[in-house]
Structures are given as structure tokens and as C-alpha cells.
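This report concerns only the one structure given below.
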Amino acid sequence: MSGAAARGDRLVGTWLLVICFMIFGMVVGGGHARTIGAGFVIQTWQPFTGIVPPLTHAAWERAFGLYKATAQYQAMQPKMTLAQFQSLYLPMFLDRDWGRLMAVVFLVPLAVFRLRGRISNRLTAWLLFLFGLGAGEATMGWYMTYEGMTSRILQPSPLYLGPHFVLAMLIFTAMLWTALTLRNPEPAILPGLARLRGLLSVSIGLIIATIGLGALVAASGALKVYNTFPLMDGHALPPHALAMHPLWLNFLANKATVQFEHRVAATVTAIVVVIAAAMGLRAPVGAKARDLFLLLAGLVSLQYILGMSTLVSGMAELGYVHELNAVLLLAACIACRHALRGATAAVPLPVYEMKAAE
């Protein structure tokens, strides 16, 4: 690859890293809006024209009037003032505008890079596919809001929030991997580390699955059902964990079961990631990769401590920090896995042994 082509790929990779940062920003904004209960406060859906918040007192009163008609307001917020409504409205509004900005930051550079021949047909198709997934992600978010406009539910459904978050993490994973590959196109050959590479792949899948279960806990209000650790009020498996019918409904809607699932998944994930980090720190992976494994070890330890603290305290705000650190943990695991993409199963024989074998 020529120097100019390599610089072009690095530039495209840097742009995709910006998109990854913006996806993380969506998690920051969306998680904050959910934590403060702002998911249903905006009762209009204007993806192209709603880029400016209400600017006059009359406009604010109209927006507040729409919210007053919702079941959430009538059941949970009947004494809310206009000032309180504004404090909820603006974080949700900024989250929506951040999504609009992300679409612009993605599509405009994509068109420019394409017109200048900086990206291939294959990469263009791949990025458009990821954009399509992002559009599906936005549609899923819209539907959760739409439910609050048209039905009597009081908060976004965990059955939508869980897949919504998982899809976001899958997009984040694919985007980050693509960015890292463009910035570092030549994998380092690392003999004998194929098992570690596979363990990191498993770790990525476990982290994403655990994040999805965490979203179920947050959306269903399961955080405060049991606030002891490691047992759940003295029980390994909580009573009534399988009380709902049909049986499968317990794993999605039973608060005790949902919290139990997340506890088990988090513990298994932490063990697997710690093993992967320990193997990486002992392996001949190079200084840069070693730093990544150190970061991975630190983040998984912090994540488990945050999870335990969130459970014991019952604080949704601490759970929000736990959620953000989960994305950082996922990013670190992806970076470690990417650094080992040139790992092979066999360790090559020394030259003299190869000659003797001949």
C-alpha cells in the first residue's frame, strides 16, 4: 500500500472513531434521559423539523400540555411544574439532536470520501449497511417513545430497551473494528495465541449479552427488588423466580428473575474477561497490546465493583455510571481482540529443529 493510500485509510479510520465516540455520546445522553425519567416527555416526532426546542413560553406550554395527556404524567407526575418539565425535556431533546448530528457526521464525510475515491465499493456497502442498522436503531427508539404517546404504559418497555441497547452495541462493535482495521491494516503475526484470540471473541459476546440484560434490569425497575450481594436476601435463586406463566415470560418480565440473570451473566463475564486479561498480560503480545490488556483488567474490575455497589445501594445514578463503564469495557475488549487478529494456533519451530526434521 502506498503512503498516500495508507494516510487516506487512517483518515477514514479516524472519522469512524469519531462516530464511535458519538455512539458512546448517545449512550451517555440516552442513559441520562432514562435515569431521570425523561423518556416520554417529548410527545412529538419531527425528525427533520424538530431540531429547535420550544423558544417561547406559549410553545413550552403547548409541549407541556401534550405531556399532561400521557398516562405517565397522570399517574406519576400530576404536580409537575413547567420548570420541572423543562428540566426533563431538554436532556431528551439534546439526545435526539445528538442523533441527528451523528447522521450528518456520518453521511456527509461518507459522500466526500466516496467522491474522492478514498473508500472502496466494498467498504461503502459495509458502511451503508451499518448506517441502515443505525436507522433501525433510531426507529426502535422512536417506537418506544410512540408507545408513550398512544398507550397507557408508564415507562419504556424493557422488551424494547434491551434489544435497542444490544443493537447499539453491535453497531458500535462493528464500527470500532472497522476503524481500527483502517488505522492498522497489517495484523501482527502472533504464533500460539489463537486460544486467547478465541477467548476474547467470547468475551465480547458475553459483554454485549450482559449489557442487554442490564438494560432489562434498568427498564423493568428490577434494581431495587433485591439489594444484597452475593445472595438475594439469603437465597441463591430468588423465590417466585418462575412464578409467571408462560414460563418464558419470567426471563423477560419477572423482576427477580431478570436481576438474577444479570447477576449470573455479569459474574460469568467478569471471570472470562479476567482470565483473558491475565493470559494477555503473560503472553508475548508487544508493549501496545500489553497496555490494552492492562486497561481491560482495570475496567472489568471497576465494572464488577460498580455492579455490586449499584445492587447494594439501589442507586439508579450509580447504575448509570455502571452502564457507561460497560461500553468502555466493551471497547477495550474489542481493541485487545483486534490487536490479536494475526494470532495463529501453532508456534513455529526454531530453524535448527526444522532442518533436523527435514
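Any Cβ shown, glycine's included, is placed from N, Cα and C.
Through the fold, the transmembrane segment (11-31) approaches residues 91, 94-95, 98-99, 101-102, 105-106, 109, 113, 118-119, 123, 141, 168, 171-172, 175-176, 178-183, 320, 323-324, 327, 331 of its own chain, all at least 6 residues removed from its boundaries and within a Cβ separation under 8 Å. Per Swiss-Prot, transmembrane segment is recorded for 11-31 (among others).
Sequence annotations record features per position, and here Swiss-Prot assigns transmembrane segment to 98-117 (among others).
Beyond the ends of the transmembrane segment (123-143), by six or more residues, the same chain brings 12, 30, 45, 99, 102-103, 106-107, 110, 114, 160, 163-164, 167-168, 170-171, 174-175, 178 to within a C-beta distance below 8 angstroms of the stretch. Per Swiss-Prot, transmembrane segment is recorded for 123-143 (among others), and the stated evidence type is sequence analysis.
For 159-179 (among others), the entry in Swiss-Prot reads transmembrane segment.
Marked as transmembrane segment by Swiss-Prot on the basis of sequence analysis: 199-219 (among others).
According to Swiss-Prot, the heme binding site annotation covers His262, His322, on the basis of sequence analysis. The number of other Cβ atoms within 10 Å of the Cβ belonging to His262 (heme binding site), over all protein chains shown, comes to 23. DSSP gives His262 (heme binding site) a helix state.
Feature annotation from Swiss-Prot assigns transmembrane segment to 264-284 (among others). Below 8 angstroms of C-beta separation, residues 190, 193, 196, 199-200, 202-203, 206-207, 209-210, 213-214, 290, 292-294, 296-297, 300-301, 303-304, 307, 329, 333, 336, 340 of the same chain, each at least six residues beyond the ends of the transmembrane segment (264-284), sit close to that stretch.
Annotated transmembrane segment per Swiss-Prot: 292-312 (among others), in sequence order, evidence recorded as sequence analysis. Sequence-distant contacts of the transmembrane segment (292-312) (same chain, at least 6 residues past either end, Cβ-Cβ under 8 Å): 223, 226-229, 259, 263, 266-267, 270, 273-274, 276-278, 280-281, 285, 318-319, 321-322, 325-326, 328-329, 332-333, 335-336, 339.
Remote same-chain residues near the transmembrane segment (315-335) are listed as 20, 24, 27-28, 31-32, 35, 169, 172-173, 176-177, 180, 200, 203-204, 207-208, 210-211, 214, 217-218, 223, 273, 276, 292, 295-296, 299-300, 302-303, 306-307, 309 (criterion: CB distance under 8 Å, separation of at least six residues from the stretch ends). According to Swiss-Prot, the transmembrane segment annotation covers 315-335 (among others), on the basis of sequence analysis.
Neighbour count (other Cβ atoms within 10 Å of the Cβ, all protein chains): 25 for His322 (heme binding site). Beyond the transmembrane segment (159-179), the same-chain residues lying 6 or more positions past its ends with a Cβ under 8 Å from any Cβ of the stretch are 13-14, 16-17, 19-20, 23-24, 26-27, 34, 123, 126-127, 130, 133-134, 136-137, 140-141, 143-144, 147, 204, 208-209, 211-216, 218-219, 252-253, 327, 330-331, 334-335, 338.
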